[in-house]
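A.B. asks: Here you go, one structure.
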């Protein structure tokens, strides 16, 4: 009875019964469709179609179909993915642009108010201390009210941060001393020579090697700074040495920071906040020893009588903007590469130099402006990828012609 049912089923679907194939002598009849094929081909075709369960044949045929359909569906929204990627890239560039614009603007405002304060109140040690104190107070309030998440630190973190804070304190005070003695533009021209200190310290103290193009890029940096120093109308040795010491200190700050802060999970904003607080603790006793409260009180009364109540606003502004521009610069490092940051730092110095010349009406000689342009150009070349020395010098030659044109614009600002 079972065999009869299978025979009937085979006849309906048009295939021969497997039992009749396995036993040719069986009295069971083959289906009419099977009988219509030549006898030599029928057994092979029957074996392929029926020897395995029928449901396996469509399962083997479906994966390519499904894969083609999936790939077809995946290719259709490709323009949408490209558009989303382009939009995301544009948003990222806009964010970086906002960071740079804010960084430069805050730095310009700080330098202007800092120079105004130092002109009326020539006490750079106290001025430096107030800048760090204002930033520390701002961050403590931000942590207390929950605006910024409090960093999770331990003793090892502060121990590692200490040499960074020492170098940061020295660099900060030295730069402020420099700006109290010379023009803001001259201080920043000399500070544009920081890459030269970085290469020399890394080469002779740390044993690091650099491509030839890096050393070649130092030539315009050193030459431009020297030319500006020799032609500076209001040259002051204390101001010049302050800028040079600041360069050296910030180089060591970067070295200590790179070596000691690897693996530390602290954001750029909180990292600089901790750095400011530790630097404040280091600087305060030295500021008291060098200048002292009596000098500060006498100078404060004189500044108020000469400038008026707005002097208090100047001090507050330079203290707040110092912290803000440094905070934004450290936040930028979380979003951009060190190379992009280096280029942005070069452009920041240009904006500070030009704005200070305009606001303070600094007299600039053509040769002095040329030296400044060459030094900044060398800093820009230093910040570029250094794979081909010839390419660096070709870039220098192309930019050299633009330097002479930009000289006229800088001199006109004076």
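Placement of Cβ uses the backbone N, Cα and C atoms for every residue, glycine included.
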A.B. asks: Tell me which of 125-148, 149-172, 173-196 corresponds to the transmembrane segment entry in TrEMBL.
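C.D. replies: Of 125-148, 149-172, 173-196, TrEMBL gives transmembrane segment for 125-148.
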A.B. asks: Where, among 125-148, 213-231, 237-256, do we find the most CB pairs under 8 A to the transmembrane segment (268-288)?
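C.D. replies: That would be 125-148.
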A.B. asks: Where does the mean pLDDT land for the domain 'Sugar phosphate transporter' (94-383)?
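C.D. replies: Averaged over the domain 'Sugar phosphate transporter' (94-383), the predicted model reaches a pLDDT of 89.
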